[in-house]
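According to TrEMBL:
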type	residues	note
DOMAIN	30-301	domain 'GH10'
ACT_SITE	237	active site, nucleophile
DOMAIN	309-399	domain 'Fibronectin type-III'
DOMAIN	402-493	domain 'Fibronectin type-III'
DOMAIN	494-644	domain 'CBM3'
């Protein structure tokens, strides 16, 4: 197969591998090039030989021989080459930690320059690897956390941009694909770099310890979060384990989720030959050269252009209402629409009642109470239509009726947020807010169990259009989606973007004080006056005694911070402490933070609290972390966090 992959700063073409079109499918090269490498792959990443610890194990003695093998092979074949990696705490030379800060900074600067001098033609460079999990010992020498919390990462990218002006600079991290919260933390770093013009793409590791168990819905949610940055995504390290049947099933279910995402521009697998992979049973080719079923499928899948007929939907449920039935099912990977079919006899024949359905739910109305209806659903994409799902049935009856879809949905853009409002659906007990970055979906749930008819979606990317629908739920089931609305957040008048951080000062859940420490960060581009900011911490007061709040310490001045208690409703709370700030607290500069605000809460009779399930309490957070169960308000509007 001949494919064309246009390289950054190169006129060569890649003439090998399974991938075709604009995306590459790559792999790693260790000390030598496998003879069948070009049969399967058309992008090269050195497995270990361009890590600082491998190159300069002895100070001032650099060994490039194995890296040269990978680089020269890539260039001679016209394959994109990725330098992996410049700054990584897990693979730094052991001698670096004992140097003075000045010498550490000089050495890492020299390392980046030496790498660029030899491999300046790299198409991609992993600048910082695993910033959330493996910070380098020398980070304080290159800026430390600083005012942004990630100054050392910014410094590293600044040096890389100077040294590699013609390469695409990437950040890389593991654990993202299976953890939406980690993805949000990752995006915060990425946006700091993007705002400075320092990063060109997002790397995500998809190793077996995540990929073997992650759900497709979680993968799509994370990819949507990363795509909202506007940067391309590169799957930097992919593998999956299992016996032949299990590994095949995992590749068939999850590889298309990555490959068919339009924002994923390339995938690199992390080894493929038995005995030469970092984890057992991740290989795709045996030591004798035989292909495992997952490799055979991968060849067929990519040979067909990367699109396969979707699997039949699973998890079909049917919930009866008054003269209607609400259906729901699990998304089929790669499906672009669904067809809902109905019969009045078990097993059919079925008649189409809805085609071109893009959601994974449908309300079939106008039915006859007392009649049993039988349903199946099929999935469709450009390659064709799946078989039918397993059958589900329901018998409508008078009584509680599934609520109608909400009407009057509005979306108002703010700074890094969108405020939504809608008209109540009769009989609804809660609502689900769904969001997409493409008109028409697919949508991801961003809030469930909402009991109000308004919701503020925070932590968004200014300049990105977001599309919303809302559904209504009661004991009878869930409505279809409302009409779609959209909004594009913008900085507007320059109000900052606030983030609340939290750590538990007192992790004992059953004593007579609640102890918490807060830090408010401004990730926006202009200063924010604290006098217009309020912070709310939600808990249960466990009794009727009155409450007292104490500000033990505040970097902005304890005298400038005051607290008041108010009643709250929602899960695991009946009270919140609201902190407010006087003019003397000043402002948070763009990119700045308040520093620590330490508070205690006690009852007037000094009886014990039980914080075990309190909404805002998390005893595992003993170091500052972004915490969305604390809310920040400006002008009475929540700008950070989710209220219970």
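From the backbone N, Cα and C atoms, a Cβ is placed for every residue, glycine too.
Note that the structure is a prediction, hence the values are computed from the model and not measured.
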Tertiary neighbours of residue 237 (active site, nucleophile) (same chain, Cβ under 8 Å, six or more apart): 172, 174, 205, 206, 207, 268, 269, 270
Residues of the domain 'Fibronectin type-III' (402-493) by DSSP state, where helix covers H, G and I: 0 helix, 45 strand, 47 coil
Segment-level pLDDT (mean, integer) for the domain 'GH10' (30-301): 96
Helix-strand-coil residue split for the domain 'Fibronectin type-III' (309-399), DSSP-based: 0 helix, 45 strand, 46 coil
